[in-house]
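Written out below as structure tokens is the structure these notes cover.
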Amino acid sequence: MLEFYGKRFESRLLLGTAQYPSPSILADAVRASLSRIVTVSLRRESGEARAGQDFWALIKALGVAVLPNTAGCHTPREAITTAHMAREVFGTNWIKLEVIGDTDTLQPDPFGLVEAARILCDEGFEVFPYMNDDLIVAERLIEAGCKVLMPWGAPIGSGRGFNNPYALKTMRAHFPDIPLVVDAGIGVPSHAAAAMELGFDAVLINTAVAKAGDPAAMARAFALAVEAGRLAYEADPIEARDMASPSTPLLGKAFL
């Protein structure tokens with residue numbers, strides 16, 4: 001069972017709530033995914049108050065845990081301010097911490113991320129840092145107080161899967177006891193299954209579901225892929241070989 005900061009969940013699929021064609025399609029996708037955690041972005045604009053109220057009513061009706069994020073923040077100060085606002089609005093110490101360093105790739109700023117994580121952890125937040133796949137950055141985030149890490153597979157929304165599978169595999173081996181969630185870049189269910197087969201604890205999906213032709217069907221496909229990948233990992237799969245190995249025994253073979 002998945003566990004974050006002492007809370008346990010049956011599903012290992014986290015779902016983002018942005019970019020869906022309509023609220024009803026979002027709701028259908030969340031239900032189809034079987035996800036028990038959704039990420040939400042705090043809207044700092046106050047213009048569409050009614051739309052915001054309707055959105056939160058929908059999320060509450062789904063009965064899922066909410067993981068607010070600091071999407072769009074480019075400095076530690078901005079991210080920290082947004083985290084405080086999110087705690088006030090959502091009544092949770094959870095925060096998915098994003099400090100973006102590059103506007104083209106949306107690659108996280110590792111220095112600003114560690115700085116913000118240290119401050120927020122000291123203030124009692126339970127931080128889920130969106131990070132690259134660098135082991136040293138991971139070490140610094142753990143030292144700062146993070147008990148979950150969320151390395152990217154590829155740039156946000158790219159659908160490329162894993163740019164560096166070796167780095168992700170190495171991170172899993174290096175931190176066997178830290179919950180690891182692949183966040184960003186996953187495009188199709190096979191990517192999610194591959195992440196789970198590597199031993200990752202969960203995956204976070206947004207664009208791949210929200211922008212699909214049938215979001216609910218895609219959400220269901222991801223749910224099945226995550227379950228299959230986890231079962232495969234727990235089943236201890238065989239090692240890849242360079243040479244063939246006969247699956248049919250020679251015992252009893254007729255020799256002519």
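Using N, Cα and C of the backbone, Cβ positions are placed for all residues, glycine too.
In sequence order, Thr39, Leu67, Pro68, Asn69, Thr70, Phe128, Pro129, Tyr130, Met150 constitute the residues six or more apart from Lys96 (active site, schiff-base intermediate with DXP) in its chain with CB-CB distances below 8 Å. In the three-state DSSP classification, Lys96 (active site, schiff-base intermediate with DXP) falls within a strand. Per Swiss-Prot, the feature active site, schiff-base intermediate with DXP maps to Lys96; the stated evidence is sequence analysis.
Remark: Gly185 (1-deoxy-D-xylulose 5-phosphate binding site) has Trp152, Gly153, Ala154, Pro155, Ile156, Ser158, Gly159, Arg160, Gly161, Phe162, Asn163, His191 as non-local neighbours, by Cβ distance under 8 Å and separation of at least 6 in sequence. Annotated 1-deoxy-D-xylulose 5-phosphate binding site per Swiss-Prot: Gly157, Ala184, Gly185, Asn206, Thr207, in sequence order, evidence recorded as sequence analysis.
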**Message:** Just to verify: the residue among Asn206, Thr207 with the fewest other Cβ atoms within 10 Å, which of the binding-site residues is it?
**Reply:** Thr207
**Item:** 1-deoxy-D-xylulose 5-phosphate site shell beyond Gly157, Ala184, Gly185, Asn206, Thr207, criterion: Cβ within 8 Å of Cβ centroid
**Value:** Gly16, Ala154, Pro155, Ile156, Ser158, Gly159, Ile186, Gly187, Ile205, Ala208
**Item:** Number of Cβ atoms other than its own within 10 Å, given for Gly157 (1-deoxy-D-xylulose 5-phosphate binding site)
**Value:** 17
